[in-house]
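Presented below is the structure to which this report refers.
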Amino acid sequence: MKFAIFGNTYQAKKSSHAATLFKLLEKHGAEICVCREFHRFLKSDLKLNVKADDLFDENNFDADMVISIGGDGTFLKAARRVGNKGIPILGINTGRLGFLADVSPEEMEETIEEVYQNHYTVEERSVLQLLCDDKHLQNSPYALNEIAILKRDSSSMISIRTAINGAHLTTYQADGLIIATPTGSTAYSLSVGGPIIVPHSKTIAITPVAPHSLNVRPIVICDDWEITLDVESRSHNFLVAIDGSSETCKETTRLTIRRADYSIKVVKRFNHIFFDTLRTKMMWGADSRV
């Protein structure tokens, strides 16, 4: 099998996990392609002598499977690079939460064995696409988790006129607005009171950030509907964050958000159940009285 490997470049203390991964793949005779930035980190900063059959930059690669070793941020970066290639991504967690990258280092050897035995499942995760006339945002307009519209200064709110399929929904007076996929519903959106959505749901969550009204609540819509946003701000600009990567926009910029025409394929072990992950990693439903 041919693997393309992405990793974070700041967790030097956890370098042993990366070394273990390369040894496991070598043991199986894998063809290993490594993101050049990650390879440089392993060789120069960590002094690891790892096998790499090829190095690649950006999205200039092909493989049977992508492996992301790091946290959920590394997984999102890998997903952005994979784009519409249709290559499944396996996430190995050396970060903190590990919701997308949910294979622990202790499970790594067993998981690689399962990959070679074709004993795993692949989940299709929907992606959001942002359409606008801002060339900087169009460099990478796709989000696996969320697209967030946020105020740029620390004092005043922004007004976000929101329409669904051309029909007026409301004008949010808030610090921002988060448009999230089911995958992203357990990320930024959840932290501001958004709903938890099962990953396979064909929906999009719209969640305001610190709204200036008790009557404004999150809303869930069909994922084949189109969202149009017009923003007003005292500073005459605002931030757009696509899976955490932000750009400043002029308030004259109209944003259109819709489901992308491709999905991200996520590799899951058969014993990794979404509801189990909610309970163990987010303590969902935990009762300290018991």
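From the backbone N, Cα and C atoms, a Cβ is placed for every residue, glycine too.
Asp72 (active site, proton acceptor) falls within a helical segment according to DSSP. Swiss-Prot lists Asp72 with the feature active site, proton acceptor, giving sequence analysis as the kind of evidence.
Counting only same-chain residues six or more apart in sequence, the Cβ atoms lying under 8 angstroms from the Cβ of Leu190 (NAD(+) binding site) belong to Ile196. The secondary structure of Leu190 (NAD(+) binding site), as reduced to three states from DSSP, is helical. Annotation comment: Swiss-Prot describes Asp72, Gly73, Lys77, Asn145, Glu146, Asp175, Thr186, Ala187, Tyr188, Ser189, Leu190, Ser191, Ala210 as NAD(+) binding site, evidence class sequence analysis.
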| request: Measure from the CA atom of Tyr188 (NAD(+) binding site) to the CA atom of Asp72 (active site, proton acceptor) and give the result in Å, rounded to a whole number. | output: 12
| said: Among all protein chains shown, how many Cβ atoms are found within 10 Å of the Cβ of Asp72 (active site, proton acceptor), not counting that one? | reply: 24
| said: Using a Cβ cut-off under 8 Å and a sequence separation of 6 or more, which residues in the same chain sit near Ala210 (NAD(+) binding site)? | reply: Met157, Ala174, Asp175, Gly176, Val192
